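Participant: Not my notes, these are from TrEMBL:
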TRANSMEM  28-48  transmembrane segment
TRANSMEM  55-75  transmembrane segment
TRANSMEM  81-100  transmembrane segment
TRANSMEM  112-129  transmembrane segment
TRANSMEM  149-167  transmembrane segment
TRANSMEM  174-192  transmembrane segment
TRANSMEM  212-234  transmembrane segment
TRANSMEM  291-310  transmembrane segment
TRANSMEM  317-333  transmembrane segment
TRANSMEM  345-374  transmembrane segment
TRANSMEM  386-405  transmembrane segment
Amino acid sequence: MAGLTSFITVAYILIVNPMILKDAGIPLGAGLVATIASSVFGCLWMAFRANAPIILIPGMGVNAFFSYTVVQSLGLSWQEGLTAVTLSGILFWIIATTTYGNKLAEAVPSSLKHGITAGIGLFLTFIGLQKAQWIHPDPVTFIRLGNFAEPIPLITLIGLMVTLFLYSRGITGSFFLGLLFTALSTYGVGAIPDTHVATPQLKEYSQVFFSLDWGVVITLPFWVAVFSLTMIVVFENLGLLQGILPQQEKFPKAYRATAVSSFVSGLLGTSPTIASAESTSGIAEGGRTGMVPLVTGMLFLCTLPVMPLVGKIPDHAVAPVLIIIGALMVQSVEHISFSDFSEGFPAFFILAGIPLTSSIADGLAFGFITYPLCKVAIGKGKQVPSPVYLIGGLFLVYLIVASMIH
């Protein structure tokens, strides 16, 4: 049940990721096959190498960075962009397989770890509110309330109430049952979702598979792309695994598994795979082992012939699950010592930065930059682990470089 719930929660990637890759020039059908292939590999690799309940799929955010920054802004072709993805994955693997990976994990202060968890929770809630159509972009106030007189927001509200009831009663499979109720209710009232589903094209995919171009390795834009992608995959995965992995003793193997998957994703023709924050849906259903990504990976594989059915899952059906999981994750704030401002403020900055920038990497940057600054300001700079200074410095460079190329 945990694997099935995780799959339904992340199935949106099959629709969204090919559309984003298309903007980089990758054919839509080929992008769908690449998305499925990378998700299957990532999930199965996590299952067998780490035995952890973590789902690996092309990351939202980093896929947009690939298409709109690496390709469109930096001027790389999609083949050159995939080369940058592959190289950044290799660098990630080197970091994850040496002692540096464990040192980075051990050096992260407890307050920042809990801030990361809570920040991801708020981010998931924000995504859930958007999927529920309860909030919309506004040019003046940035966000405005949705129209609850329309069927989708109202159905999602009822779905949330049902899911909350099932979860609070301790019913096994409550999240999946809530998803099913919301989806069926949508069709029951005739509010059929308007989804555009790509058709898998194996012939097109042959032009994308292993389509790397190393001719730009001596150019500055290429290395800017490699540096930025490496920063994102290293620290976004670090933050996610620190925040959602229920058994932290599995961190080293899980971290290495994400690195291998990130490297392979470039060869398979897509932007980097990331440890999915939605993995928490399967964890909340009781998933604690690699059986969760194993089931999810096999279900991804099965989507090749049944993509039209997967595409009919209403996007808003996952909203109640995301909102509830977000609320559960935000409970981590109780472990943050806000009475010590040098600990509380950086954690708060992460907590606020992740949802407000819609980027886990940017939110992490805010916290890791301000943590050593706050400690130095009160004369406790020597208490900060050396890797935290290094991480803070790298994140500062990341923010500067990202600003220069936008």
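Placed from the backbone N, Cα and C atoms, the Cβ positions cover glycine too.
Not measured: the values here are computed from a predicted model.
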Participant: The transmembrane segment (55-75) vs the transmembrane segment (212-234): three or more C-beta pairs under 8 Å (separation of 6 or more)?
Facilitator: yes
Participant: Sequence gap of 6 or more, Cβ distance under 8 Å, 3 or more pairs: do the transmembrane segment (212-234) and the transmembrane segment (28-48) meet that?
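Facilitator: No, the transmembrane segment (212-234) and the transmembrane segment (28-48) are not in contact.
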Participant: Find the member of 28-48, 112-129, 149-167, 174-192 that has more C-beta pairs under 8 Å to the transmembrane segment (345-374) than any other listed stretch.
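Facilitator: Selected stretch: 112-129, with the most Cβ pairs under 8 Å.
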Participant: Given a Cβ distance threshold of under 8 angstroms, which distant residues of the chain, six or more beyond its ends, lie next to the transmembrane segment (149-167)?
Facilitator: 131-134, 174-175, 177-179, 181-182, 185-186, 189, 191, 314, 316-317, 319-321, 323-324
Participant: With Cβ-Cβ distances below 8 Å as the criterion, list the same-chain residues six or more beyond the ends of the transmembrane segment (81-100) that contact it, or say none.
Facilitator: 24, 66, 70-71, 211-214, 216-217, 222, 225-226, 229-230, 233-234, 237, 255-256, 258-260, 262-267, 269-272
Participant: May I ask for the residues of the chain that lie six or more residues beyond the transmembrane segment (317-333) and have a Cβ under 8 Å from a Cβ within it?
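Facilitator: Same-chain residues near the transmembrane segment (317-333) but 6 or more away: 5, 8-9, 12, 114-115, 117-118, 120-129, 131-132, 156, 159-160, 162-164, 167, 175, 178-179, 182-183, 186, 243-244, 278, 280-281, 284, 351.
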